[in-house]
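I have placed the structure first, in the form of structure tokens, so that the comments after it can refer back to it.
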Amino acid sequence: MTTEISQADATTFAIVDELKARFGEANLVVQPTLTGMPVVWVAREQLIEVMRFVQQVNKPFVMLYDLHGVDERLRMHRRGLPPADFTVFYQLMSLERNSELMIKVALHEDDLRVPTLCHVYLNANWYEREVFDMFGIEFTGHPHLTRMLMPPTWNGHPLRKDYPARATEFDPYTLTMEGQDREQEALRFDPEAWGMKRHSGDTDYMFLNLGPNHPSVHGVFRIALQLDGEEVVDCVPDIGYHHRGAEKMAERQSWHSYIPYTDRIDYTGGVMNNLPYILAVEKLAGITVTPRAETIRVMMAEMFRINSHLLFLGTFLQDLGAMSPVFYTFSDRQRAYHVIEAITGFRMHPAWFRIGGVAHDLPRGWDRLVREFLDWMPPRLDEYERAMMDNSIVRERTVGIATHTTAEALTWGVTGPNLRATGLKYDLRKARPYSGYERFDFDIPVGTNGDVFDRGMLRIEEMRQSLRIIEQCLKNMPEGDYKADHPLTTPPPRDKMLQHIETLITHFLQVSWGPVLKANESFQMIEATKGLNSYYLTSDGNTMSYRTRIRTPSFAHLQHIPAVINGGFVPDLIAHLGSIDFVMADVDR
Amino acid sequence: MSYKLTRIDPDAPQSSQYPVGERRIVDDPMDDQVHRNVFMGKLENIMHNVVNWGRKNSLWPYNFGLSCCYVEMTTAFTAPHDIARFGSEVLRASPRQADVMVISGTCFIKMAPIIQELYDQMLEPKWVISMGSCANSGGMYDIYSVVQGVDKFLPIDVYIPGCPPRPEAFLQGLQLLQDSIQQERRPLTWVVGDQGVYKAEMPSQREKRRDERIAVTELRSPDEV
Ligand code: SF4
């Protein structure tokens, strides 16, 4: 076991030597962290070169997984790091190495500029716009550096440390008639600004504004279409209508009281969202949880995966015009909620995982409920497959529609079922198991064509696999504690608290101030319902996080839309939107 | 029972704040009329009752959702909860055809002008339900991008607490709206009589149920399913 781990570490950190060999040791600063990946600081002038190098190195880093910034100005514990007021970090992923790499660039307040990465990794585009919006960092050479999440009329950069977090720190919101006209005018789509022509040859293009409120966009998402008849010539997705400032929120909630906010990131994923956050916090705290807690977590996470996929299936088919599937899948969801509610006490947002374990032990009789659910689902799934996916109209609308290849998906940072639908067998639960997934026996379903149909079918198959996992949890639920015996377990086990004054004091401190975590950085990625979701936490030795970066899969999936849909038809766009399975909270956070 | 009178001012200046129009608390408008002419008063009362009965039992909701709460709202539309029992299953994708708008989810500053526009596009008679803590007050999101309660610019008829409220709570909210519609006094025609909209001030559920709630002493143990 230990040799295996160190071998994995050796391959993960091999890139550091390769970088040193190429760029010289003196030009790099390697930062030790708990993230499990090499973190390397490079000079701004070398950034593009470094990026090109890692993109082309043997066993390349094919995907720009994440890109964001940190306001370093108030950070106390940064010994050994290059001086910086702001940092931009780039996280790259290599499938062959099965690991990530983080590159950081230090910036100074009076010169907040970095060269754009859009020409090296295409999907840097949206991330850079978001960093510009949130921190005011300029990306020189960016093709369209405008605000992304905040309204175009906004002042200030919310993620800066000197920007107030609370709405109640500002004047109460009011809307006047002229104010409304002004805001609406600012949102008007301007084709010229996006380099679009209004006419070409003998065609006059029509510009159609789909959203922010449209039945097929699942909430508040807007996409401006340039149409030639029914054909989509070009399109511009516009997001930010669902920005709840979740990352800023983390900077003022204690490590413990932030858990409910994670539930609401991918709001169909329930406790699945707690998992990456909790695991990252546990790395910072140095907690190893009990096998029972791990298994309970896996079971509940998979329950929510099924729940989310059922929602997907119903709404996806509804977007294609089928009315009844949503009634069937929602009655299954009701059964899933029956189990979830009995165990966690809540339906959508249980916030049920805790630092060091879960909130309660399983209630007596849980196994009967889970058993009933496991018996109920498989015939239903068969029926869905037969009645819906064999339906000739569904097939006409979906087979061969909105296809993309694996290479394309990786370029755009597409992960999860949408990536597997292209035929790539990459599931983080297998590739780098977390929370005890290595103990479970399940398959990774893959598609072949990467089209709308495959994305739909794949999720039905994934539900079957999740049922297999839950079945194994049911049969092999370990005995033992549901919370780790560790001073940072929050809140501490109750029976201990009632007996030891030490634990009572800790309990008091942890629920009033919150646990204090040592200064460091940690990271955890999981295979969430919609793709790879991760939390990158920076602790400055406080009761709150210094910076929490939440990387969500749907953000990348929406950025990918134009590349897939340009040249297709409007109904294909609707089918595609249904098939990528996004919720806006998972995009805008 | 006291009523809230709303009068729309078509010439409101551009600088006026939403919700535009005059609002004040008055007595039941029917009381006056009854003293003037017993027969006509009775007739008008019956007319109001009939029209309101029709309105409240065919509330067509607007297919509009903002975030998490929307999922629980749609759950109420599907088979296990079956909103058709209350005559509200006809989801409309166009604001022009809808009667009730449910603000289900967080109201973002970027979204507020759009919500206002959609509300303006709905035709009278129209109602608004605020579903969930976020729409009621901003909820757990006291953050720069969130409007602290959608009633900062929209007139709200029913508030449903919860984060998210269960589908059952949504159905209860809908029934409360129905009760309030039954008491309404809207102009029966645009040529005769007062053109103001009188909505009854409905009793607060919190106060109504307080005693009953406080009386509960035995809560179910979470150790048993
Ligand atoms: S009230 Fe809760 S469930 Fe509803 S939108 Fe707000 S955070 Fe989501």
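Including glycine, each Cβ sits where the backbone N, Cα and C put it.
Annotations in TrEMBL come from automatic prediction, not curation.
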Message: Quick test of your reading of TrEMBL: among B:178-201, B:202-225, where does it put region 'Disordered'?
response: B:202-225
Field: Cβ neighbour count within 10 Å of B:C69 ([4Fe-4S] cluster binding site)
entry: 29
Fewest-neighbour residue among binding-site residues, criterion Cβ within 10 Å, set B:C134, B:C163: B:C163
Assigned conformation of B:C134 ([4Fe-4S] cluster binding site) - DSSP reduced to three states: helix
Helix, strand and coil counts within the compositional bias 'Basic and acidic residues' (B:204-225) (DSSP): 10 helix, 1 strand, 11 coil
Statement: Neighbouring CB atoms within 10 angstroms of the CB of B:C68 ([4Fe-4S] cluster binding site), all protein chains considered, total 25
Secondary structure of B:C68 ([4Fe-4S] cluster binding site) (DSSP, helix/strand/coil): helix
